[in-house]
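According to Swiss-Prot:
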REGION    1-37  region 'Disordered'
COMPBIAS  12-25  compositional bias 'Basic and acidic residues'
DOMAIN    95-460  domain 'Protein kinase'
BINDING   LEU101, GLY102, ARG103, GLY104, GLY105, TYR106, GLY107, SER108, VAL109, LYS120  ATP binding site
ACT_SITE  ASP219  active site, proton acceptor
Amino acid sequence: MATRGRPGAKQVADHSVSDGGEQRRIPQKPPGPERCDVCSAVSAAGAAADLIDVAPLEEDLTKEPQQIVVTIMSNDPAKVCLKVDPALHYRNVELEPYRFLGRGGYGSVFYSRRANVAVKALTHGASFRWELAVSLIVSSAARRQELSDIAKHFLQIYAFSSVEKIIVMEYIRHDLRTYLDEHCKPVTQSALDALVREFRGLAKALAFFHIECGLAHLDVKQNNILVNCDPRTGDPVRMVLADFSLAAINGNSFLNKCCMVCPGRPGVTGVHIIDTEDAVNSLPSNNILLFRMSRRPPEFLLDYCNGVGPRCGEVMGAMTTFAMDVFALGSVVHEVLLLCLSRVLGRDPFPHMTCTDEPMDHKTILSLLAYRLALTDYLSQSWSSAGFVNPAGTREGISSALQWECMRDMFLASAEAWTRTVRRKMNGARSPSMFADILDLSILLCHFDPDVRRTVSALA
């Protein structure tokens, strides 16, 4: 359904009128953007103050102008200032008509048919500035020749409006969940090969995100992975990691030592995007870390069961956050593997454990660990040629890592029950050889040992 008003119009409009049954917003004069001493405010009117069209980017992004320039603060040599290209900043974004794509906890996304771009309108100023900063950092990486293979897994930023809290970015047609609903029917070898290639690329992109950028995603799931596919075959040709609403700094970050500004230009006032305190404020709360615990790695779940829960406001190491997000990516690969196997076998031979996104109690967490152990051990021993030893851990290893006897007893009982369930449900089912690579990749990404998980960044 097309949306006629600008995505951010609700933030500058105070009334609407009806025209033939259709609501048409009458925007009032928008409030001026926040002035910043670091930015040069330019008030002269300019024809380019409003975004009415988007020029396509060069295929070779290294020929595009730099989006961010790094400068040392003259009054504080220990602090860095990231200056954003003023040409990206617009007073208003006018790319109608729009088609609504989806809504999340922090804003909504629309598709501009005229410009063939995605337009994300965020609700709050703080979330807008933070997501813009993270998006610009990873988008700017595409301008470095040596990172061209990494850059394809992130969205390119075309423009933004600080008044309307809007970010204009590349449009990718599907998220992974929608792609799987519409494609891979039937499952082909070429589709599986393409999925493995793109998932490996996403793992390397996560390594760059965590280690080079000092950022953790913390919400890797099917809905946050976007897919472009070959129009003829339906095979995925590009997968992109999207939505940095929950992104946080880790121990490798430089954002807690810098600010990001966008200088002014004719018709558009300069803005202060983030400062050091914004990076510190991005540290994940306990609620975020305990959200979707089913995607958290075993070391995180074991610590939680032992009473060593996440420490709110603490900066985690880059290798710790990388292992966490890689496991979440592995969970996505595992979901894709089981879905595609079910389609090829003509039935769903796998037992499933349903988990909510809400924090779990200890009994559910221990049952989840037991389920992972039973299913992954069966798959690796019966189907995989990867040669990993105990990829999901062992009963003894997990049991010995639990401090309290009642927890150990609960886990061992769940492990025995899940092992019987897996064997009975699988009933001798065998995987076709076409699934060997995606199975091995899922085992690696979900490996019990975080050090093994992290080796994925070195994959060819």
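Think of each number as a place in line: the chain as shown, counted from 1.
Heads up, the Cβ atoms here are built off N, Cα and C, so glycines get one too.
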List of residues, in chain order, with Cβ under 8 A from that of GLY107 (ATP binding site) and at least 6 apart: LYS120, ALA121, LEU122, THR123, SER127, PHE128, LYS165
Neighbouring C-beta atoms (10 Å sphere around the C-beta of VAL109 (ATP binding site)): 21
Cβ-Cβ neighbours of ARG103 (ATP binding site) (radius 10 Å): 11
8 Å Cβ shell about LEU101, GLY102, ARG103, GLY104, GLY105, TYR106, GLY107, SER108, VAL109, LYS120 centroid, ATP site members excluded: ALA121, LEU122
Listed in sequence order, residues with CB under 8 A of ASP219 (active site, proton acceptor) and six or more positions away: ASP243, SER245, LEU246, ARG292, ALA328
Other CB atoms within 10 A, centred on LEU101 (ATP binding site): 15
Helix, strand or coil at GLY107 (ATP binding site) [DSSP, three-state]: strand
Set of same-chain residues at least 6 away whose C-beta sits under 8 angstroms from GLY105 (ATP binding site): SER245
Three-state secondary structure, which DSSP defines for the residue listed as 'active site, proton acceptor': coil
Binding residues LEU101, GLY102, ARG103, GLY104, GLY105, TYR106, GLY107, SER108, VAL109, LYS120 (ATP) - maximum C-alpha distance in whole Å: 14
In three-state DSSP terms, the structure that LEU101 (ATP binding site) belongs to: strand
